[in-house]
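**Student:** Take this structure, written in structure tokens, and hold onto it; I'll ask about it next.
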2 protein chains.
Amino acid sequence: MKKHNFSAGPSILPKEVMLKASEAVMDLDGIGLSLIEISHRSKEFVAIMEKARSLALELMGLEGKGYQAIFLQGGASMQFMMTAFNLLEKKAGYVNTGTWSQKAIKEARLFGEVVEVASSQEDNFDHIPKRYKVPGDLDYLHLTSNNTIYGTQMKEFPETDVPLVCDMSSDIFSRQLDFSKFDLIYAGAQKNMGPAGTTLVVVKEDILGKVSRKIPSMLDYGVHIKQDSMFNTPPVFAIYVSMLTMQWLKDLGGIPAIEEINERKANLIYSEIELNPVFAGFAAKEDRSLMNATFNITDDGLKDMFDEMCKEAGVSGIKGHRSVGGYRASMYNALPIESVGVLVDIMSELEKKG
Amino acid sequence: MKKHNFSAGPSILPKEVMLKASEAVMDLDGIGLSLIEISHRSKEFVAIMEKARSLALELMGLEGKGYQAIFLQGGASMQFMMTAFNLLEKKAGYVNTGTWSQKAIKEARLFGEVVEVASSQEDNFDHIPKRYKVPGDLDYLHLTSNNTIYGTQMKEFPETDVPLVCDMSSDIFSRQLDFSKFDLIYAGAQKNMGPAGTTLVVVKEDILGKVSRKIPSMLDYGVHIKQDSMFNTPPVFAIYVSMLTMQWLKDLGGIPAIEEINERKANLIYSEIELNPVFAGFAAKEDRSLMNATFNITDDGLKDMFDEMCKEAGVSGIKGHRSVGGYRASMYNALPIESVGVLVDIMSELEKKG
């Protein structure tokens, strides 16, 4: 049975990418060796790494603008700590939009003063805080552009002279943004970019080297940049599949093309949530995420029927996170609009039955 | 053409493991979804993680002895720093047996006093230091059991009450040892355990929690243990393939069985190096590694011919590391003895031609 994979991450990747990755595990481009048994210093893998790095900058329109793209390990959780280790000298500001922001704040507190510039915690993070003031004396302001758990997404970003650091793990490469407004962007691969196991860090070089503490080599962005993202053995498979996925996106027309598709997918499900009395959206309308639609069933008596209908149709991964409950349909770049159609049909049918 | 893959790492894995990994990228065990598109909290992946953790302890004979196995990211290079972050309060001892020991020493110095208990640096690390005294006041003694670059391997380990930390990246699961003599063992996967992208850490729980500094969550062994190695999204593919490789080893008869095969492979090449005047081994005889045989050509005029013969026979990855020069044949667990035979035949033929 065909599955419709709404998993919040690790999540769906393009079928053609998975096919090529599967082949490369047996034989990489006909060289007679597997992708996973060659040296990372081989010309084949060096070319893969360089292509991944340049595709990331190209997709974001950041080529020749003083940025470097590196592929690290440890996920966004490692970046919560690394950003502070590398950038926090005295005081940093954080906008608290949910669980991941909170984790970033917790790690940063080990390195300096942390100011919560704004927060929507009182409302269980059902919206994005707006119209807050950014103090001018911050080393940086940290933002989380999309909140998978709550289904909220920043549509606008603060105008400030303070360097902007942004966790884009769950909406990187999904919509057009002026990425040059940010000084450091990080994103775990396992939503829009590739499989779990690598994290993209895009950093404006001139913000580095300003803290006085000594930084262990593996945690020092400067060390990784200097070594062309090969300070030590990189996570070969995850970077290869990320490269393929970025190439797939480029061939599709890049971020402008996928943004249009993502908007159509989101419109489809949010229209249903609005019109169908059996369902109620969780996130504030103006902050709804293009990536993760969160919603509840208004009549608990219909829950089992809905779950059964989803299961029968091959819809998987829509259980909501425990801190919000209900449902969450994650619609990352690689999810076909047909899958959203299948889910919306079930929702509509449930209304008739209910 | 069949390749004989002597790569120093990432390196050869069992053919059946690569086949199964390739299939899982398309469809994991017939569930209709790819290994790399399912949630790491799914019952399928949780089972994979738990199997990997228990296989690691089982192969090492460490079940029920107070040890935990966790799979982290960042390679051994991350462990150079994490071991010190978690264990170094005042003073640690290091045995310096080469490049990787030196890197470990460099990172540890950020956290406390580091004593080089013994070193073979003066002889370009062509042997393992012996008969050194281990001071009793060390927080731990750090060893590197096998040195890929120089082709040396520790055959004996110091008897001491000081906790032993050992980097076994390049010879884990390759020979019988009393692993319970060690308090912390770490190993990047990409030699004997799996593809690049994950690192096994086996730690005796009672050595943790003794340093006074605050440890960032991602660098804290205790945090990862408490979360069953799932504090954040783990590197799914690398752990899955490691699990398959450990299962392959178990089915083969475990470490005793592979040790016998590894000894036969090593005997084959070292006999040839000893008997063939065209070649000279680099490492001291008593310290020669079962994993990496390092050697030079005594007559430079034969170098091009040897390289050409290797290329024609599909022998790949035997170029020596730049700090030693010459050749290095890495014979990790998955390398068939037939491949060593092919190389030895070329060496022998070269002697006749030379």
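Every residue gets a Cβ built from N, Cα and C, even glycine.
Annotation source TrEMBL lists L-glutamate binding site at A:ARG41. The annotation pyridoxal 5'-phosphate binding site is assigned in TrEMBL to A:ALA76, A:SER77, A:TRP100, A:THR148, A:ASP167, A:GLN190, A:ASN232, A:THR233. The feature domain 'Aminotransferase class V' is assigned by TrEMBL to A:5-340. Annotation comment: TrEMBL describes A:LYS191 as N6-(pyridoxal phosphate)lysine.
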**Student:** Quick one: Cα separation, A:THR148 (pyridoxal 5'-phosphate binding site) versus the residue listed as 'L-glutamate binding site', in Å?
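**Tutor:** Taking the Cα atoms only, A:THR148 (pyridoxal 5'-phosphate binding site) lies 36 Å from the residue listed as 'L-glutamate binding site'.
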**Student:** If you count the C-beta atoms lying within 10 Å of each candidate's C-beta, which of the binding-site residues A:SER77, A:THR148, A:ASN232, A:THR233 ends up with the smallest number?
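**Tutor:** Relative to the other binding-site residues in A:SER77, A:THR148, A:ASN232, A:THR233, A:ASN232 has the fewest Cβ atoms within 10 Å.
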**Student:** May I ask you to pick out the recorded positions among A:ARG41, A:TRP100, A:LYS191 with a CB closer than 8 angstroms to chain B's CB atoms, ordered by sequence, or 'none' if no residue qualifies?
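**Tutor:** Nothing passes the 8 Å Cβ test.
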**Student:** So which one is it: of the recorded positions A:ARG41, A:LYS191, which has the fewest other Cβ atoms within 10 Å?
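**Tutor:** A:ARG41, out of the recorded positions A:ARG41, A:LYS191, has the fewest neighbouring Cβ atoms within 10 Å.
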**Student:** Name the residues of the same chain, 6+ apart in sequence, whose Cβ is under 8 Å from the Cβ of A:ALA76 (pyridoxal 5'-phosphate binding site)?
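**Tutor:** The list for A:ALA76 (pyridoxal 5'-phosphate binding site) reads A:TRP100, A:ASP167, A:SER169, A:TYR186, A:ALA187, A:GLY188, A:THR199, given in order along the sequence.
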**Student:** I want to check the contact list for A:GLN190 (pyridoxal 5'-phosphate binding site): same chain, sequence separation of six or more, C-beta distance under 8 angstroms. What comes out?
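**Tutor:** Counting only residues 6 or more apart in sequence, the Cβ neighbours of A:GLN190 (pyridoxal 5'-phosphate binding site) under 8 Å are A:GLY9, A:PRO10, A:SER11, A:GLY75, A:ALA196, A:GLY197.
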**Student:** Can you give me the average pLDDT across the domain 'Aminotransferase class V' (A:5-340), rounded to a whole number?
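**Tutor:** Here the predicted model's pLDDT, averaged over the domain 'Aminotransferase class V' (A:5-340), is 98.
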**Student:** Specify the secondary structure state of the residue listed as 'L-glutamate binding site' as given by DSSP, simplified to three classes.
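**Tutor:** SS state of the residue listed as 'L-glutamate binding site' = coil.
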**Student:** Name the residue among the binding-site residues A:TRP100, A:ASP167 whose Cβ has the smallest number of other Cβ atoms within 10 Å.
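**Tutor:** If we count Cβ atoms within 10 Å for the binding-site residues A:TRP100, A:ASP167, the smallest count is at A:TRP100.
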